[in-house]
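Got a structure for you, written out below as structure tokens; questions coming shortly.
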Amino acid sequence: MARRGRLIPGRNPAGDRKAIGASTPRPGADPVQENTDNMKHSISHWTRDTALAVHDLPLMDLLYRAQTVHRETFDPNTVQISRLLSIKTGGCAEDCAYCSQSARNGANLPASKLIEVERVVAEARKARDGGATRFCMGAAWREPKARDMDTLVAMVEGVRALGMETCMTLGMLDDSQVKQLSNAGLDYYNHNIDTSERYYSDVITTRTFADRIETISRVQEAGIKVCSGGILGMGEETGDRIDMLVTLANMAPPPDSVPINMLMPQANTPLADAEPIDPIAFVRVIATARILMPRSYVRLSAGRSEMSDEMQAMCFLAGANSIFVGDTLLTAENPEEDSDAVLLAKLGIQAECPEERTCAEATA
Ligand code: SF4
């Protein structure tokens, strides 16, 4: 039977973490411990140095610390399961170097139209019956057009009516679009920062890092939870990975959900021949994310199909507690659902279930 409830009772102050201020470690104090302690009191001010000190701990110490932090807020044997549906594929005006949906890259993925609300709701129902608690809808857009907003609102309302959490990723949003989605009850908005501010322009030139932060701020101000993370293996340096995590951790509040993707090189994109990231380096970033953002869901996102069972288990040990299921993530491959169910069963990990409904027996 799937476990009910997602957080250890009495240990989840997520609802009262809004007053986040800056804190500088006391002179002579252990900056790693100091910042970890501060996080328990909803204060976050990580610097590259303090975050790097976490990241560079001996691996066993890092994993121990990450798992300890993880257990203070979350059930360590539960993962949140999301399913992602592409509601509009290809033909995107942006030039994200990792993406086969960009019209500017050479992948030539055909552009589709926004799909019908009925199809979205039918897919969400299937996802719910298969154990997913959150349904994410992604459109390959620079930003939504005014004419699409009514359809997007109907999608949110239809999926919410199934008792699922809703998430959308639609590109940049203006104030009025945020308001419409908020009024429809959208739970999460995904807008990844992708990498560090320094490395960002090596990956994307059609919008700035500041544009991304602005959309995230708008979404947060409207009370919609934020899902934001990035991609590893795009040629960035360790310092870029750390800076990306520091940017996320110092948001007020940090994102509720932090997807960490491993680049899945897509044919004919500028990053088609990118060197794969070392698995231990990937695990270090997961553990660092867990310590810097102890109350956020850290999601293993794209790239799982290239990870061994052992690597995924290590990521869960490091504090990852959310996954996408389904055969494809927009256009990148994802593990087959059967293999997810087998892996989670082997690890004794169960699907998180919101209190308000009974979840399916299946774990994935
Ligand atoms: S990642 Fe999103 S915004 Fe960037 S090109 Fe792909 S679909 Fe467009």
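Just so you know, glycine gets a Cβ as well, placed from its N, Cα and C.
Feature list, courtesy of TrEMBL:
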BINDING   Cys92, Cys96, Cys99  [4Fe-4S] cluster binding site
BINDING   Cys136, Cys167, Cys227, Arg299  [2Fe-2S] cluster binding site
DOMAIN    77-295  domain 'Radical SAM core'
REGION    1-37  region 'Disordered'
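Help me picture these features in the structure, burial and contacts included.
Classification of Cys99 ([4Fe-4S] cluster binding site) by DSSP places it in coil, neither helical nor stranded. Counted within 10 Å of its Cβ, the other Cβ atoms near Cys99 ([4Fe-4S] cluster binding site) come to 25, all protein chains included.
Cβ neighbour count for Cys136 ([2Fe-2S] cluster binding site): 28 (other Cβ atoms within 10 Å of its Cβ, all protein chains included).
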Can you list which of these binding-site residues (Cys92, Cys96, Cys99, Cys167, Cys227, Arg299) have a Cβ closer than 6 Å to ligand 1?
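Cys92, Cys96, Cys99, in sequence order.
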My understanding is the cutoff is Cβ-Cβ under 8 Å with a sequence separation of 6 or more in the same chain; which residues meet that for Cys227 ([2Fe-2S] cluster binding site)?
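Set apart from Cys227 ([2Fe-2S] cluster binding site) by at least 6 residues yet with Cβ under 8 Å, we have Cys136, Cys167, Thr169, Tyr188, Tyr189, Asn190, His191, Pro255, Asp256, Ser257, Val258, Pro259, Arg299.
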Starting from the Cβ centroid of Cys136, Cys167, Cys227, Arg299, the recorded [2Fe-2S] cluster site, name every other residue in that chain with its Cβ within 8 Å, sequence order please.
Ser82, Leu84, Arg134, Thr169, Tyr188, Asn190, Ser257, Pro259, Ser322, Phe324
As a test of the contact definition, list every same-chain residue at least 6 positions from Cys92 ([4Fe-4S] cluster binding site) whose Cβ is closer than 8 Å to its Cβ.
Cys99, Gln101, Ser102, Ala103, Ala140, Trp141, Arg142
Just counting, how many other CB atoms are there within 10 A of the CB of Cys167 ([2Fe-2S] cluster binding site)?
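There are 24 such Cβ atoms around Cys167 ([2Fe-2S] cluster binding site).
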